[in-house]
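J.: First, the structure itself, so that you have it in front of you.
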Amino acid sequence: MNIASFFAVGFGGFIGAVLRFYVGILCIKLLPTYFYFSTFIVNLISSFFIGFFLSFLISSNLKNFIIVGILGGLSTFSTFSYENFIYLQNGEFMKLCINIFLNVLLCLTFCYIGNFVAKAFCI
């Protein structure tokens, strides 16, 4: 691990966090009744591109910048946990189960699709 890796992750994380913030604002404007929809969207996008970029032979610094930094900053497991805790605390067990199931199943599916797309069209 070198200093360039730390800067790659940090700068990428900054970009990813700003993108996540922007997607949150956009989702609230477009879908105001679906408060937690933005977390779902950013997790799907991140999962797709993680699978996509894992197919490329790129330098470790670029991989750290894109996958760990940008996509790690864009996706948000801590927010996912917080939102599920709120559902649990409010006794909204059906929403809790649906949110967990869809996030896990679809994010894994999107990661697979991203990897498939990269292998089929880019490599």
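Placed from the backbone N, Cα and C atoms, the Cβ positions cover glycine too.
This is the feature table in TrEMBL:
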type	residues	note
BINDING	Gly72, Ser75	Na(+) binding site
TRANSMEM	6-28	transmembrane segment
TRANSMEM	35-59	transmembrane segment
TRANSMEM	65-88	transmembrane segment
TRANSMEM	100-118	transmembrane segment
J.: DSSP three-state call for Gly72 (Na(+) binding site): helix, strand or coil?
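T.: Going by the DSSP assignment, Gly72 (Na(+) binding site) falls within a helical segment, counted as helix.
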J.: For the transmembrane segment (65-88), which partner among 6-28, 35-59, 100-118 gives the most CB pairs under 8 Å?
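T.: Counting Cβ pairs under 8 Å, the winner is 6-28.
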J.: Ser75 (Na(+) binding site) has how many other Cβ neighbours within 10 Å of its own Cβ?
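T.: Summing over all protein chains shown, Ser75 (Na(+) binding site) has 22 other Cβ atoms within 10 Å.
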J.: Do any residues of this chain, six or more beyond the ends of the transmembrane segment (100-118), have a C-beta under 8 angstroms from a C-beta of it, and if so which?
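T.: Non-local partners: 39-40, 43-56, 80, 84.
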J.: Just how many other Cβ atoms lie inside 10 Å of the Cβ on Gly72 (Na(+) binding site)?
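T.: Other Cβ atoms within 10 Å of Gly72 (Na(+) binding site): 19.
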